[in-house]
Structure formats: structure tokens, C-alpha cells
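Single-structure report; data block below.
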Amino acid sequence: MGAAAAEADRTLFVGNLETKVTEELLFELFHQAGPVIKVKIPKDKDGKLKQFAFVNFKHEVSVPYAMNLLNGIKLFGRPIKIQFRSGSSHASQDASVSYPQHHVGNLSPTSTSPNSYERTVGNVSPTAQMVQRSFSSPEDYQRQAVMNSVFRQMSYAGKFGSPHADQLGFSPSAQPHGHTFNQSSSSQWRQDALSSQRKRQNSHPYLADRHYSREQRYSDHGSDYHYRGSREDFYYDDRNHDGWSHDYDNRRDSSRGGKWPSSRH
């Protein structure tokens with residue numbers, strides 16, 4: 001297999017894009033299916049972005065997985081249409097392999113119209129139908145996890161000046177309400193655990209002055225002091241150090257050869 005054929009096998013064609021869709025947004029979306037090397041939206045002779053893109057994955061196995069997971073997801077109200085790239089060995093299998101479309105509610109599984117795609121990234125509204133619907137299969141949970149992950153990543157981007165997060169129209173209330181987080185009970189649990197831990201430490205003759213939990217070490221600094229060495233800080237440092245990049249090897253694997261970025265205290 002030649003290099004060109006191998007690259008075609010690792011590439012997807014993504015069509016029916018809304019004009020506001022960017023390479024950055026597609027990168028974040030398709031990265032949920034596997035490591036992405038680059039995303040390219042071609043331009044016409046006038047310099048305007050065309051309504052399709054090519055997504056090149058690092059691993060060939062990510063291609064059919066992304067096709068199955070993301071085909072038909074709406075970006076800014078328009079469902080994307082994913083196809084194998086011309087020349088790909090997967091294209092010959094496309095006619096014989098049926099990739100199931102994902103539907104919600106009472107939609108007919110045989111419907112192929114764009115309106116049948118209910119999995120959305122843009123313009124999510126907290127309707128009663130969305131909030132009350134039940135997830136009937138592990139695939140539904142997986143798709144919801146993809147949407148939540150993209151929402152979190154684009155929220156980080158919007159927090160630091162990217163215009164894409166606000167335009168997407170995400171609503172946290174569109175996430176499934178079957179799993180609720182009780183903040184008061186969690187806070188009480190942490191207080192009880194901390195109290196128990198202090199009792200154990202005070203009873204040990206060698207740990208009284210040396211070992212403290214993270215909560216104890218930073219509680220003395222007052223409520224305005226925040227622990228900065230969290231994974232979110234590492235995520236932000238990695239994602240925003242040099243701005244947006246479509247090079248997976250330089251952007252995603254750089255931390256493997258070295259150590260975690262040091263915390264800025």
C-alpha cells in the first residue's frame with residue numbers, strides 16, 4: 001500500500017458544513033473518535049471557505065469509528081454528512097456495510113432525511129423532551145459523552161477569547177438529568193473525611209508535622225487561594241500555549257517526552 005493510499009484510508013470527507021464551522025471546531029469534534037493529525041477546509045478562488053472538509057486521523061481504525069459515531073451530528077443546525085475519502089479502501093466497503101444512524105424518541109429508524117438527525121452540537125435547547133428522554137443503550141451514553149466533552153473543550157476556548165463556544169449555543173441543562181450532583185452532601189462528605197483524616201494523623205507520632213492532605217495544605221491560605229496544579233490547568237497550558245494547531249504529533253505528544261508542566265504558584 002502506497003503512502004497516498006494509506007493517507008486516504010485515514011481520512012474522512014465531511015460535507016454539508018455550515019459557513020460558521022471552523023477547522024478548530026471540527027478538530028475538537030473528531031478528536032473524540034481518535035487522535036487527529038489535521039483538519040482542512042478548502043477555499044474557493046475568492047478565498048471563502050467551502051462547505052466541506054477533510055479530517056486526517058493518526059490511526060486508520062478511527063475512520064470507521066468516527067463515521068459511525070459522528071455522522072449526522074448538527075453543527076449550527078445543519079447535519080454534517082461524513083463519507084470515506086475517494087480512493088480509500090473503506091469506500092468499497094461502504095456499499096456493503098450499513099452504518100446505523102442514531103435516532104431519538106419516536107423517529108423511524110428507516111428515515112434518512114436531514115431532519116431525522118437529532119444529535120446536535122449547535123443550538124441545543126433545554127426542552128422537556130431532551131431533559132426527560134431516557135438513554136436506551138450504551139451508544140446513547142457514549143454520544144452524550146462526546147457532546148459533553150466537546151462542550152467542555154469549547155467552553156475552555158471561549159473562556160479565553162475564542163468566539164466559537166458562545167456561537168454554538170450549548171446549554172448545560174441539555175445534559176441528561178438522570179445523574180445529579182448533590183453539592184451539599186458532597187461538601188458534608190469531604191468535611192467528614194477530612195475530620196477523620198486529621199484524627200488519624202494526630203494519633204500517629206511521625207505524621208503530625210510532615211504529611212497533610214491537599215485540602216489541609218491550602219486551607220490555611222484562606223478562601224481566596226486556589227490550587228493551581230489541577231488537571232484543568234495542565235489542559236489549558238497544553239491547549240493554549242502556542243494557539244490552535246492542527247499538528248497532533250507536536251501538540252498532543254509533546255508532554256510524553258518531558259514532564260508535566262510545572263504549577264505556577
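Quick reminder: no glycine exception, Cβ is built from N, Cα and C everywhere.
Residue-level annotations in Swiss-Prot identify, among Ser108, Ser113, Ser137, Ser137 as phosphoserine.
In Swiss-Prot, the feature phosphoserine is attached to one residue out of Ser136, Ser173, Ser213, namely Ser136. Shown in sequence order, the list is empty: the chain has no residue 6+ apart in sequence with a C-beta less than 8 angstroms from the C-beta of Gly2 (N-acetylglycine).
Residue counts for the region 'ZCCHC8 binding' (25-35) under DSSP, helix first, then strand, then coil, are 6 helix, 0 strand, 5 coil.
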